Structure formats: structure tokens, C-alpha cells
Amino acid sequence: MDSKLALPVGTTLDRFIMRKEKDFPYATGELSQLLRDIALASKIVNREINRAGLLDIAGAYGNQNVQGEEQQKLDVIANIRFIRAFRNGGEVCTIISEEDEDIIQTGNPHGKYIVAMDPLDGSSNIDVNVSIGTIFSIYRRKTSQGCDGDLTDCLQRGVEQVAAGYVIYGSSTMLVYTTGNGVNGFTYEPSLGEYFLSHPDIKTPKTGKTYSINEGSYNSFPQGIKDYVEYCKSNEYSARYIGSLVADFHRNLLKGGVYIYPSTLKAPNGKLRLMYECNSLAFIIEQAGGKATDGVNRIMELEPTSLHQRCPLVIGSPEMVDKVTEMLKKSEAALVQA
Ligand code: AHG
Ligand code: MN
Ligand code: MN
């Protein structure tokens, strides 16, 4: 069968990955295996998340589980699960994780890939039964195989990503990813333990009427962002802000909209992290026909200088991102003239 034919809704993730691999004549199968490792780890994390409320009840007698270990927070559990999957898988040499200050060596010096991840995004929503997620980026290492990865491997620009994706643990659990050939979304069927293709070749609407920003910080936004918020209000746009980047992004990706985390007085570089939040979602939105900037520059071209560096983020439907950029530019120009 021609591997380039579109695969039908309902195709399992494993079959999808296998078919896509055939489009690359020199593929060794390692990236495919790495994507499968991520899918497997996400199923385990999904299980832990679904049990979260029950764990509280089970832990009410003292915060210890049956092995006598202290109960851990879900973002720590997710971090452990994903790292374990990469250690066991063998394709990844080095990991950047939001939960660890330094790079993590997997003990697989022959691994070709670097992973940057936010194992659990939306931490303030973990305890209140609201959608949360996992975000990841995959890079090819720069150093040669056979030794540990180093900072030159880890601090690559977003344009160097070979794959990126996220898992949203929501009313259903979905895995959405790209390898640079469009974006596909898979929905998890828990009774079968499988992801199935449910959203083939996702394209984001060119524009929308939803804006997502934490308006509580309005007073400390740059003038251009204040102007944009006023513009949204005067056009009766809908404000939607869950506080889980993955969930806000996912809704806007499918329905059209813009997500903004600007610089604020408290956080001059914004809050979100370049390596495992902004770049990953920027790759996905661009593959879906959208845009991602820091207000001025394309996110994927930013030069990373540290593992956990932050940057402002304006991401979503292309015409909406353009409008934000235009308003920021205008207010900057007015400031220079004044
Ligand atoms: P994380 O839970 O991984 O630290 O990320 C939280 C992020 C993001 O998910 C969300 O959009 C944003 O923080 C919310 O921040 P504010 O509460 O400042 O709006
Ligand atoms: Mn996050
Ligand atoms: Mn996180």
C-alpha cells in the first residue's frame, strides 16, 4: 500500500507511526520508537492523573503509599515516568526537564536524540480536576554518539526540532504531535489502552474570536497588549483562560484564537519557558498554519542561552498574532515619538 495515502480516522497511533516512517527512506526507526515511548509514558501518567483524587483519599491516613514511600506530587511522578521511559527506550541521550535544574543523562550515550519536556503543565490545576498536559520537543544531538550529550546539544533553536507534541489530559486524553509534516491528533481509548487517529492533518483557523490571557495582570502589561485587550473587548471577543497552557492552546488550535503570555512588570521575560513550552507549541502551530512570536521575533528562531530561559509568547491564528504584533509595534513607535 502507498504509505503517502492519508490514513483514515481510527488508525492506531502505532500503525500511523509505522506508516509514516516508510516516507523516509533512511529512517532507522529510532524516532518512531521514541514517539512510542512517549505515548506509553503518557498512558501511565494518564492513569496516575485519573487516580489523583482517590490517592488523596487513600493517603488520608498519612501521606504514605503501600510501599511506605512518601506520596509525591503529580508533576514529580510525571517527571519520573517520562525519564524512566527515555532511559529504558535507549534513543535519548540527554533530557531537559522543567523539574530538574540541570540536564539529565539517561545513561544511553549512543542515543541520537535530545528531549526537552514539561512533564506536567498547568500545575495550579492539578488538584482541582481541570485539564493539564505534557509538552515535549525532540532534537537530534550535535555531538557524536558514544558520549553524554552537553549544552551544545541542548541549547538548539526551535527551527532544529525534529518533532514536538503535547498530551492533554482532559475530558478525553489526546496526543497531538508533528514531525514537520503537518499535525495529527490521537484520542486515547482507555479500555483498549490505545491512541486512535481522531484529528488528521489539523489546520488552525486563520482567525478567531477568542483571546486567552491572564487579564488579572492587565495593569502591568505593555501598552500594545493593553490596546489589544481593549480591541478584543470592543469587538466582543470571548475571553477564555484556563491557566493550563496546553488546554488553552489546544482549544485555540482547533477553534481559532490567540494565547498571550506577555512580559509583565513582575516577569519582564514573561513566565513561559522557551525550551519546553514555547518552541514545542510554536512548531505545532506553524505546522497547522498558525504563528508564534515573542511579540517581535519568531519564537523558533530565538537563540537559547540557558535551559530554563523564559520568553513572552503570542501564539495562535495567524491573523490574530499579526494584529497583536502590529499593536505592539504601534505603541512602541508612539513611545519613541513622545
Ligand atoms: P507549569 O504548571 O508547567 O509551571 O506551567 C504553568 C503555566 C501555564 O501552563 C499557564 O498557562 C501559566 O503558567 C499560567 O500562569 P498565570 O497563573 O500567571 O496566568
Ligand atoms: Mn508549564
Ligand atoms: Mn510543569
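Glycine is no exception: its Cβ is also placed from the backbone N, Cα and C atoms.
Per TrEMBL, the candidate among E98, E99, E101 that belongs to the Mg(2+) 1 site alongside D118, L120 is E98.
Annotated substrate binding in TrEMBL involves D121, G122, S123, S124, N214, Y241 plus, out of the candidates K142, K255, K271, the residue K271. Annotated Mg(2+) 2-binding residues in TrEMBL are D118, D121, and among E230, E236, E277 the one listed with them is E277. Separation of the C-alpha atoms of Y241 (substrate binding site) and D118 (Mg(2+) 1 binding site): 19 Å, rounded to the nearest whole number. For E277 (Mg(2+) 2 binding site), the binding-site residues whose C-alpha atoms fall inside a 10 Å radius of its own C-alpha are D118, out of D118, L120, S123, S124, N214.
Close to the recorded Mg(2+) 2 site, the chain also has E98, M117, G133, T134, I135, L245, V246, L272, R273, Y276, S280: residues not among D118, D121, E277 whose Cβ is within 8 Å of the site's Cβ mean position. In this structure, D121, E277 are the binding-site residues from L120, D121, S123, Y241, K271, E277 whose C-beta falls under 6 Å of some atom of ligand 2. Close to the recorded substrate site, the chain also has N125, I242, G243, S244, L245: residues not among D121, G122, S123, S124, N214, Y241, K271 whose Cβ is within 8 Å of the site's Cβ mean position. Within 8 Å of the centroid of the Cβ atoms of E98, D118, L120, where the record puts Mg(2+) 1, the same chain has further Cβ atoms from D75, A78, N79, S97, E99, M117, P119, D121, S123, T134, I135, Y276.
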